[in-house]
Each structure stands twice: as C-alpha cells, then as structure tokens.
Amino acid sequence: MEWEVVIGLEIHVQLSTTTKIFSGASTAFGAEPNTQACAVDLALPGTLPVFNENALRMAVMFGLAVDAEIGKRSVFERKNYFYPDLPKGYQTTQLAEPIVGPGHVDIETDDGVKRRVRIHHAHLEEDAGKSLHEDFHGMTGIDLNRAGTPLVEIVSEPDMRSSKEAAAYARKIHAIVTTLGICDGNMAEGSMRCDCNVSVRPKGQEEFGTRTELKNINSFRFIERAIDTEVARQIDLIEDGGKVVQETRLYDPDKNETRSMRSKEDANDYRYFPCPDLLPVIIDDSYIEAIRDTLPELPDARRARFIDEYGLSEYDAGVLSGYRAQADYYEQVAKACSDAKLAANWVMGELAKHLNQHDTDIKESPVNAEQLGGLLVRIKDNTISGNIAKKVFELMWSKGGSADEIIEAEGLKQVTDTGAIEKIVDDVIANAGKQVEQYKAAEPDKRGKMLGFFMGQVMKATGGKANPGAVTGILKQKLDALCD
Amino acid sequence: MFDKTLAELAAGLRKGDFSSVELTSAYLERIKAEDGRYNSFITVTEEQALAQAKAADASIAAGDAGAFTGLPIAHKDLFCTQGVRTSCGSKMLDNFASPYDATVVAKFKQAGAVMLGKTNMDEFAMGSSNESSFYGAARNPWNTDCVPGGSSGGSGAAVAARLTPAATGSDTGGSIRQPAALCGITGLKPTYGRVSRYGMIAYASSLDQGGPMAHTAEDCAMMLNVMAGFDPMDSTCLNREVPDYTATLNEPLAGLKIGLPKEYFSDALDPQIAERVKAAVAEFEKLGATVKEVSLPRTELSIPAYYIIAPAEASSNLSRFDGVRYGYRCTDPKDLEDMYKRSRGEGFGAEVKRRIMVGTYALCAGYYDAYYNKAQQIRRLIQQDFVRVLEDVDVIMGPTTPHPAFRIGEKNNDPVSMYMEDIFTLSLNLAGLPGMSVPCGQVNGLPVGMQIIGNYFAEAKLLNIAHQFQQVTDHHKQAPAGI
C-alpha cells in the first residue's frame with residue numbers, strides 16, 4: 001500500500017529579551033545554576049507576575065512576519081500540573097485567546113517541493129526550569145535559571161507531507177525568528193525546540209491516521225531522522241496488523257529510534273483557567289502598525305532580492321537568505337569584493353565547510369566578512385590563484401590576520417612574470433622527455449588534455465604561485481613548437 | 001494608653017508625652033502578659049520592634065517624622081516580612097522566613113511604623129472563625145469561648161484586646177469585615193486594586209485585598225494613607241491617585257443617599273442585629289441622610305459563586321507549596337510522587353484540602369463550563385446589580401454578619417453553615433467594591449457590625465461616613481469586660 005505522511009509541528013522559540021517574561025531576572029544562558037532566578041521565578045509565597053512588554057512586541061513581530069492576525073486581546077491562562085522544575089505548579093501560557101492567530105509561511109525543500117504551511121496560532125508562555133539527574137547521588141537537582149524565559153510556541157496545521165518538508169518548515173521559522181532578531185536561533189542551547197506530530201494514512205484517504213507526538217527535537221537533521229524513523233515504525237506496525245496508539249514519544253538520536261514516553265491515558269487534565277494575576281493584554285492598530293514599521297527585510301524578500309540584485313540562483317539565494325547572520329555576512333563579503341557570485345561560492349563553500357567542521361556559528365567565525373572579502377579581492381586582481389586562496393583562508397581561520405598579511409608573510413604572491421615562468425617551463429620540459437614524446441605523438445586535438453601533467457609540474461616547482469593562465473599559454477606555445 | 005487610637009498615640013508621640021520605645025515596650029509587655037488568653041499572635045517580633053521604635057524616636061527627635069512614625073501595628077501573618085516567619089497560619093509555612101517584604105509591609109516600614117508581630121489567621125485565609133489555624137484558634141476577647149471571626153481573626157482579636165492599636169488584615173470574602181464586626185472594631189476592605197497584593201500570600205487572587213483594622217475610621221484612614229497606591233510589582237494594582245483619606249473625614253453628610261438592600265434583612269438575619277443596624281441608620285438620618293430600600297436580587301447566589309471561584313483560584317495558587325523549594329517537606333520521601341503527596345497531605349489542614357479539592361474539581365475539563373464559567377457569569381450579574389443600585393444611592397448599608405460571634409467548635413462539622421456567615425460580605429469581593437464594618441452595638445454581650453458599601457474607589461467617602469457616625473456614637477469605644 002502507498003502511504004501518505006501527515007506532519008504538524010509545534011515549535012518553541014525562546015525570545016531574546018534581556019529579562020524574563022514575568023520577572024526582572026536575566027535570561028542569559030549558561031550562568032551558575034539558580035543564580036538567575038529571582039523571588040518571582042522561585043515562586044516564593046506572595047510573589048506576582050508582571051508581563052514583559054518586550055516579549056509582547058517580539059510575538060507581534062513574529063505574527064506580522066507570517067502574515068497572521070494579531071490578537072488585539074490576548075489572555076494568559078494557567079496550565080496546572082506538578083513538576084519539580086515548574087515552581088508555581090502551573091505554567092502561565094495562552095490558550096483560548098493567543099497573541100498570534102492564523103498565518104502561514106511558504107516553504108521549498110531542497111528537492112524543489114513548494115508548499116504553503118498554515119500556522120494555526122502562536123502563543124506566549126513561560127519556559128520551565130531544568131531537572132538535572134546526574135551528579136546528585138540518586139537525587140534530582142533543580143536549576144531554575146531558565147524558568148520564566150519567554151517562549152513563543154508556534155503551532156502549525158498538519159500541512160506537511162514529508163520529513164523534508166518538516167525540516168524546511170522548521171528552517172523557515174528559524175530564518176524568520178533570527179531575521180527578526182527575536183531569537184538567537186541557537187538550537188544546541190535549546191533556543192528553538194520542536195515537537196513533531198506525525199501520522200500516516202493510505203494515500204487518497206481523507207481522514208487522518210492516529211498521531212504520535214515526538215518531543216523536544218533540537219536540530220533540523222534530527223527532525224528529518226526522527227520523523228523518518230517514526231513513519232517507518234507506524235507503517236510497519238499497521239502493515240503487521242497493529243494500531244498506532246496516540247502517545248508522546250521521545251526520539252533517541254544515538255539509537256535512531258523513538259520510544260514511548262507517556263500515553264494519552266496518562267495525560268494530565270491541565271485545568272486551564274485565565275490567570276487572575278495578569279490582566280488581558282489589549283493592543284490597538286497603532287501599536288501593531290508601529291511594530292510593522294520596524295520589521296527588517298524578511299527571508300522571502302531577501303531571497304528575491306538576492307536573485308534580482310546579485311543574479312544568484314534560486315537555490316543559492318535560498319540558502320544564503322535562510323539565516324540572517326549568514327545573509328548579512330554574505331552581503332558584506334559581496335560588497336567588499338564586488339563579485340556577488342564569487343562571494344556566494346565562498347560563503348557556501350569554503351566558509352560553510354569550516355563552520356561545519358568546527359561546529360561554529362557564522363557569528364563566531366574567526367574569519368569575518370571583511371577579511372573574507374579582502375581575500376576574494378586578491379583572487380580577482382590575480383595576486384593569488386583560487387587554490388592558493390584556499391590555503392590562505394585556512395591560515396586566516398587557524399591563525400587569524402588579513403589575507404594580505406598572510407600572502408606577504410608566506411610569500412604566496414602569484415608569479416606573473418612571464419620570463420620567470422618561461423624558465424621554469426623550460427626546465428620542466430627538459431626533465432620530462434617521455435611525456436614530451438607522448439605529447440608529440442598524440443593527435444593535435446587530444447594534446448590539450450595532456451597539458452595537465454606539465455601544468456602540475458610547473459605548479460609544484462613554483463609552490464602553486466604561478467599564474468595558471470600564464471602557465472597554460474606558455475606551456476602550449478613551447479610544446480607545440482616542439483611538435484612542428 | 002491602651003485605649004488610645006492611632007491618631008491619639010501619634011499626637012502623644014509628637015508632643016513627647018511618651019516615646020515610641022515606651023509605647024512599643026508597653027504593648028510588647030501587654031502581649032506577653034495577656035495573649036495567652038487570645039492566641040492572637042503567631043509571632044512577636046520584640047527585638048525588631050524595639051529597634052524600629054528606637055529609630056522612630058530618633059527620627060521624631062530630628063524632626064523628620066511622618067504621620068505614622070513610631071506607631072505600633074501588627075501584620076496578619078500572610079504579609080511576607082523579611083527575615084521573620086510568615087506562616088499563613090499553616091504547618092506548610094511554619095519554617096518559612098520570607099526573604100523579602102510585602103509591599104504593604106515595606107510601606108509601613110518606610111512610614112516609620114513599628115511592627116509588634118504577626119497575627120493569627122485561618123490557614124491560608126480560608127475560614128470565617130480562625131479555627132483552621134495550625135497555631136490553634138484565636139479567641140474573641142469579648143468571650144473567649146467564642147471565635148473572633150476570620151480569616152483575620154488574630155488581627156481582630158489583638159486590636160479588640162488592646163494588644164496593638166491597629167493591624168493589617170486581608171479580605172477575600174469578608175475576612176476583614178467579619179472579624180471586625182465580631183470583635184467590635186472598625187475594618188475596611190478597599191476596592192480591588194487599591195492596595196498592592198505583592199507579598200500578600202494569595203488565597204484567591206481576583207478577590208484578595210489587604211486593608212486596615214483599627215478602633216476608628218480615622219485610624220483606618222491613617223493606615224490606608226500608608227497602604228494604598230500603585231505598585232509596579234502587582235499587575236492588578238491600579239495606577240490611580242491616592243487622596244489623603246484623613247482630609248475628608250469631616251465632610252458633612254447632609255443629602256447622603258443610603259440604600260438598604262431588602263435581601264440583607266431577610267429571615268437569615270438575627271432580628272437583634274437588624275434592630276442595631278436600623279438604629280444606626282436612624283443616626284444617619286439625623287445627620288441629614290435619606291434612606292430608601294434597594295434590591296440586590298442575587299445576594300444568595302454569591303455563596304455558590306464564591307465557593308467555586310475562590311477554591312478554583314486557590315487550588316492553583318497553592319500548587320507552589322510542593323515541598324521542593326521551601327516550606328514543609330515530609331520525611332524520607334520514597335520518590336517524587338510520595339514527596340508531593342505526603343508533603344501536601346501532612347502540610348495542609350482539612351479546610352485547605354477541602355477547598356483545593358473543590359477548586360480542582362470545578363476546573364476539570366468536563367466541569368469547567370458548568371461550574372467555573374457559570375460562577376463567573378453570576379459574578380458579573382452580581383457586579384451589575386451593585387452598579388445599578390449605586391447609580392441610585394451613594395452608599396449601601398446593612399449588617400456585616402447574620403449573627404454575632406459563634407462558639408468555638410460550634411460549626412466545625414458544618415462547613416456550609418460556616419460559609420453562610422459570609423453571605424453579606426462575599427458579594428463585594430465578587431464585585432471588587434470597597435466595604436467597611438463599623439461597630440453598631442451589641443447582641444447578648446457580643447459586638448455586631450454595620451457594613452457600609454460604596455462605589456469603586458469611594459474609600460474616602462466610606463471613611464468619612466463611618467467617622468461621622470463615630471462622632472455621634474460610642475459603640476467603637478466599648479471594650480470587652482476586664483480590658
């Protein structure tokens with residue numbers, strides 16, 4: 001039987017406010033446990049929440065970016081359940097009246113599938129703390145630094161039909177929130193976390209299959225792998241005559257499997273009700289329009305401009321505009337070297353390779369955009385070849401410094417002096433009697449391919465510094481002269 | 001000295017008749033000597049009180065004293081006090097010393113007040129008799145076999161027994177007005193949002209409001225001057241100018257329109273209390289007020305509505321008491337669930353558990369519309385009734401309670417009959433309106449109170465009315481036998 005996969009995502013985005021959503025404590029990541037939890041975050045008796053307007057502004061920015069209705073009246077509710085890292089015994093969140101209503105984003109997978117994914121709504125809520133199970137000798141440590149960090153939870157409709165689409169959607173949300181500057185986008189630190197609702201149904205069937213929810217996935221790669229694994233499990237199960245049970249499952253990336261966490265029967269009755277400590281949030285058109293005026297260029301618009309202004313391919317434009325820091329970096333490089341395509345090749349090629357290998361965010365790249373631009377200028381003005389440029393880049397990455405400093409210090413300047421090149425070419429030809437004979441014996445139209453050997457010898461002799469164009473010309477001229 | 005009002009004590013301090021240290025010491029001695037009979041204090045903060053009194057005397061000597069400098073008061077034990085146990089009348093918080101001051105406490109500190117200690121109360125402010133306190137029932141100074149009312153029963157008893165000239169209270173369904181009535185003192189529940197709730201341990205957030213309890217309306221005005229005002233830490237606290245409540249106490253009452261709700265004078269009311277209230281109303285007529293009958297038809301519905309909304313909010317508000325971060329934790333928990341169950345099971349008393357269960361039930365997915373939503377609808381109707389009546393009259397008057405103080409233990413096995421004691425007070429909290437209880441006589445040797453209800457933010461008017469009444473009557477000056 002042919003199966004269709006149905007996926008909906010709930011994405012939690014930590015907003016990059018400096019203080020928490022209902023208290024004045026800092027939201028900075030990585031502090032000593034419980035040093036960024038104030039009386040309100042600890043839920044001391046008598047404490048009360050006060051809503052951080054910055055979180056509201058950021059949520060509205062997101063809503064506008066996904067073309068959503070903005071809730072002019074939104075209401076915080078309490079979601080009641082007991083957990084040690086939930087200090088109040090309830091999470092303050094939004095349910096019936098969220099800040100962001102229905103919207104949508106357009107996605108495209110790398111194999112060219114385009115789809116509009118509808119957003120059901122997005123709501124503001126507070127993050128919980130963390131339970132630490134290691135190093136406490138059978139006890140659990142509670143770190144409440146994260147408690148009260150503002151989140152926007154973005155709930156999609158079940159509009160995605162493959163794991164690739166799900167990953168593309170998550171990337172698009174990531175691109176939007178980082179472009180808006182409302183989230184640092186650091187998935188490893190949990191700034192963006194994803195719950196995937198997955199079900200399968202026979203192709204053509206309208207009714208949805210029973211879904212499972214995969215919790216807390218924090219990388220795009222894992223989204224794809226977790227969904228693929230779960231889809232295979234569900235299909236196997238059904239084809240073996242079994243039934244999918246509605247439940248929450250956990251994806252284990254080490255074993256590449258999903259495991260049951262809790263079933264629907266264990267589900268809490270959260271007893272939602274409007275939080276009496278917080279007033280309904282009322283905003284008007286002028287508030288919304290003032291925020292609209294501050295929106296930066298969004299990923300879709302930037303992509304279109306990259307195609308239009310820089311002549312990039314759709315694919316390159318899509319990749320480069322997908323992450324604000326990368327898009328900013330790219331534009332700086334392009335400007336510095338006045339060659340948009342060369343800049344695109346390097347940012348997506350050599351730079352991306354190094355960032356990946358060293359697991360480094362582009363914002364922390366040891367080679368900044370201006371420095372990379374400076375390197376590309378030296379390719380364009382023939383000071384160095386593309387191959388030497390890679391060597392220079394490697395040194396810039398590992399040791400720092402500008403391209404010019406490294407070219408100078410390492411003596412990598414390209415040799416363009418034809419006299420010097422001619423002398424080396426002569427030496428190479430004199431020492432390669434066998435290859436020269438083969439060249440002479442070859443059909444004239446095959447000789448071009450045989451230049452490679454000589455070229456390599458010349459480059460070896462010059463340490464790669466000879467201008468490849470000049471070498472080719474001289475080699476051809478001298479070898480062809482021997483053939484006459 | 002112990003019969004003096006705050007206003008008189010303030011005058012004495014200014015004139016140098018006595019120092020704050022002398023005044024404070026006298027009250028501390030009196031608490032030590034007498035409170036065994038009333039159990040009105042949970043904690044007495046002698047050392048801190050004397051230090052504050054000393055500082056107050058220095059500030060009086062330096063000439064930079066304010067109206068409240070050096071005056072002793074007590075705080076209901078649900079106001080968080082830095083470094084001092086804040087128990088909320090519960091075993092759950094018996095070991096809890098707050099690391100911060102409630103806004104109300106901080107304001108009194110800033111005004112130079114001296115805190116004598118923390119007063120007894122029903123556990124987590126849930127009760128009308130003070131019997132649910134982990135520290136034992138406080139007793140009514142008029143008859144120590146009787147309850148002082150609740151939940152601010154310790155504050156009521158302490159003021160009535162002259163162990164403190166005044167105390168703070170909190171009122172969720174009558175918890176200031178009812179003990180004030182039963183103890184023969186004056187109490188004011190301000191408009192919801194008038195006084196900050198920050199640091200006042202929540203029972204039912206949308207109903208709780210702190211307020212003053214003292215001998216006279218004038219003293220309540222002095223206290224409200226300190227307590228009222230916007231607090232950026234409380235989102236439900238309103239940013240609205242605070243008048244000088246003492247400045248308008250002597251406005252004449254000629255032309256005042258008083259409404260008497262016929263539902264407040266039903267069969268449920270002790271006829272002797274009806275008589276006392278009507279006699280008080282007659283005093284107002286002499287002062288130039290006019291009286292008419294009005295109707296608050298949903299008065300009876302306030303009890304079921306209240307006993308859905310308050311427990312619902314409480315069930316959530318009290319979730320934080322889980323034994324994880326502070327407060328009571330059971331010994332040797334087997335696992336997390338065991339720790340939750342036993343910490344809460346052992347830490348909370350019966351009435352608190354009852355209300356948590358009722359509230360949890362009312363918020364359950366299948367019952368939410370039938371209970372919580374319906375109760376909120378009734379709440380809006382009750383509020384509309386008041387708004388409509390207050391378009392017609394300036395204030396509403398009636399009894400504070402249907403009966404005088406009952407005997408300790410009398411209603412222990414009948415929670416609903418206990419809940420009925422709040423029939424006249426609950427609806428104000430549901431509507432968010434201000435109300436006062438003013439002594440208006442005695443029934444069988446026990447004091448009873450008249451309730452005065454005003455429009456939103458009409459505290460100045462209520463205090464003015466009560467003060468004028470106290471200028472022509474002496475009910476508020478009566479003291480229990482032997483005091």
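Indices start at 1 and increase along the chain as displayed.
The backbone N, Cα and C atoms fix where each Cβ goes, glycine too.
Over the domain 'Amidase' (B:22-463), the average per-residue pLDDT in this prediction is 97. Here TrEMBL flags B:22-463 as domain 'Amidase'.
Taken from TrEMBL, the feature active site, charge relay system covers B:LYS76 (among others). When Cβ atoms from all protein chains are considered, those within 10 Å of B:LYS76 (active site, charge relay system) total 33, not counting its own.
If you look up TrEMBL, you'll see B:SER151 (among others) marked as active site, charge relay system. Under a cutoff of 8 A between CB atoms, and with a sequence separation of 6+ in the same chain, the neighbours of B:SER151 (active site, charge relay system) are B:GLY89, B:MET121, B:ASP122, B:ALA125, B:MET126, B:GLY127, B:SER128, B:ASN130, B:SER170, B:THR172, B:SER175, B:PRO179, B:TYR203.
The Cβ of B:SER175 (active site, acyl-ester intermediate) has 37 other Cβ atoms within 10 Å, all protein chains considered. The secondary structure of B:SER175 (active site, acyl-ester intermediate), as reduced to three states from DSSP, is coil rather than helix or strand. Annotation source TrEMBL lists active site, acyl-ester intermediate at B:SER175.
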